[in-house]
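Structure first, then comments.
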Amino acid sequence: MPDQLLFGMEVFLNGLMAGVLYALVALGFVLIYKASGIFNYAQGVMALFAAMTLVGIMEGRVPFSHLINAVFGSNVHHFGWHLPAVVGIVLTVGVMVLLAWLVNALIMKHLVNQEPIILFMATIGLAYFMEGLGDLMWGADIKKLDVGLPQGINGTIDQITFDAFGYGFFIDNLDIWATIIAIVLVASLMVFSQYTKQGRALRAVADDHQAALSVGISLNFIWVLVWSIAGFVALVAGIMWGAKSGVQFSLSLIALKALPVLMLGGFTSIPGAIVGGLIIGVGEKMFEFAIGPMVGGATENWFAYVLALLFLVFRPQGLFGEKIIERV
Amino acid sequence: MKTKTLITAAAAVMMAAAPAMADLFVPSLTYRSGPYAANGIPTADGYKDYFTLLNERDGGIGGVKVEFEECETGYNTEKGVECYEALKSKSPLAIHPWSTGITYQLIPKATADGIPVHSVGYGRTSAKNGEVFRWVFNYPANYWDGASVAISHILDQEGGDLSGKKVALVYHNSAFGKEPIRTLEELGKIHGYELSLLPVDHPGQEQKSQWLQIRRERPDYVIMWGWGVMNQVAIQEAVNIRFPMDHFIGIWWSGSENDVKPAGDGANGYKALTFNGLEKDYPIFDDIQKHVVDKGLAAGAGDQIGTVLYMRGLYSALMTAEAIKKAQEIHGTPDVTPAMVRDGYEALDITQETYAALGLPGFGPDIQGSCQNHGGQGLGAVSQWDAAAGQFKLITDYIQSNQDVIAPLIAADSEAFAAENNITPNCD
């Protein structure tokens, strides 16, 4: 088989894996938008905050230690424990649920029936607040995140492809795990929304707030629920991206990777986020592989948006988005 | 009571009438927040702690206290310019922009205002030509020196012959990242290696394509020009594809603990250039502990002392302090102005004896400045990450960059700048 074809296949597979990671970020946006019509600008920062909190809890860091030490002249930094990843994740989910409750109680509850742009701007404020809060709580240093997921080349795939083609494909173990986790996550969300009382209530709110309220569904509860789920998805995305680069401010910028996915897949569809992520991941990687060398490389960032815009020309609501019909 | 009041009033009048000895105002444009805060904090801490040490231990510089002020830029060029505009009325003796983007913006402004700008190992490379860039300094080394030092080290590894070898440059796709390309191309013509260029888009969180290409093309060496998250991701990806870490060399801004720790033990053996020492037992640390930390005056949380970037911030302060001292010597007054400090920078003479006397034996290369040379002698060293020790360690002496290649490039670039801006090169 020609080398370029083999390389292309390897790039294609890696594009799929990258797409899954993009989709993980996009999922958080979709969940909140679908339930409340809010484009949550803070989703990337939530991923950062969740990952920082996870590392902080696992390593036994004292939250706000710099502030405490500066005010009281003390020298406390660690509680002296190191918790297993599972315990850390459970506690971090608790923190994200608390955050969801606070966001609803202090911000969203007071903005019911406001214009979408007002809600959007509120999430911008929330993003900046959380950036500062995260730094203040856990420090701005780059933190190593190790929840036990394997990283590096998958030896089995390398060996199988080498035996078959004479060239071993590189697939990162972390990407394989990300794919498995994303599949489980999406399946769980589907089951939750289809077969549980809360899930059906969430869908009802997504379809029509007023109608849902009229049959006794608590809007407050649903919003806390959906922000909590988005917080959990943010934690998963934060773990996957944080394992690659360490937990640091730049994690919040992964939201930029989700935007073309949302444009392509639609803001209201979970399958759209997945399919959109895969198309963007494969599209940008294959373009970089095939065309990148001719135009000086570094095409991925802008090509993802070009690809999304191309889809928008034909389907403004995205591949799976709901068609908006406004009567005059 | 009346007498006491009169004495107090007289003392107050006398104090007001006496010629006030102004402090030496040395501000710093810092980024303790934002995407690069993890790097900005130790750098800013080192810079501030050095001046605090001089104030507390020596009573300042030449008997005059240093007044220090930080302005937060968040590594944002616009904010950096705002900071400069806010600070310039206080006659800062030198400005450290801590960002190549901000440096570029400040070059024309500071030149017009007569304020020295010191970009330590970053900024515009051709600012080394002091006849064109009269107010800009980039001691002790520039990016083109860095590229040349990296190739010299590779030459040393390969027994002096690079013909037929492949070198890949993984770089931040920005003006900063593109800096070494011309130098590496010129050196490639001389040494016969093949250079491939792999740009990474900002911020650099996704580099799978670049590292798959490296895995396919198997270059003998990879040089990295990165900053921020790009560094951590690149090192992790290199570990993932099992690229030999001792054949992976980063510029000095890709060589702090922040860059290697996320990759864990896999990063062991990774190399990075440096222009300053990295020991953990310099005598100055005892003074910092005694006069700064123990008095509760340490910058930030005081937890960065001895890290790579802390030492770089400290080194930057050291050079500025030495320039101020030199200005005081030249002009015979402790109250120096920005113009006098420019003279001090141009007469900078830092030797191994100077470093030893400052409690930093062997800390950096000798620096001799002049009107023509605002960038030093172009020396750099190579450090290597020891994961077990959790420390970068120097593995070479200071290596002289290839000035036969770099000097003409600097001359050409600075002359082009002079022509564009109607500057007549001079030493007036």
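For all residues, glycine too, the Cβ spot is worked out from N, Cα and C.
Here TrEMBL flags A:12-33, A:45-64, A:84-107, A:119-140, A:176-196, A:217-241, A:261-282, A:294-314 as transmembrane segment.
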Task: Remote residues contacting the transmembrane segment (A:84-107) - C-beta distance under 8 A, at least 6 residues beyond either end - done: 46, 49-50, 53-54, 57-58, 122, 126, 146-148, 220, 223-225, 227-228, 230-232, 234-235, 239
Open item on the list: Quick check: do the transmembrane segment (A:261-282) and the transmembrane segment (A:45-64) share at least 3 Cβ pairs under 8 Å, counting only pairs 6+ apart in sequence?
Closed with: no
Open item on the list: Same chain only, please: residues at least 6 beyond the ends of the transmembrane segment (A:45-64) with a C-beta under 8 Å from a C-beta of the stretch. Say none if there are none.
Closed with: 25, 28, 76-85, 87-89, 91-92, 95-96, 99, 126-127, 130-131, 133-134, 136-139, 143-145, 147, 230-231, 234-235, 237-239, 241-242, 247-249, 251-252, 254-255
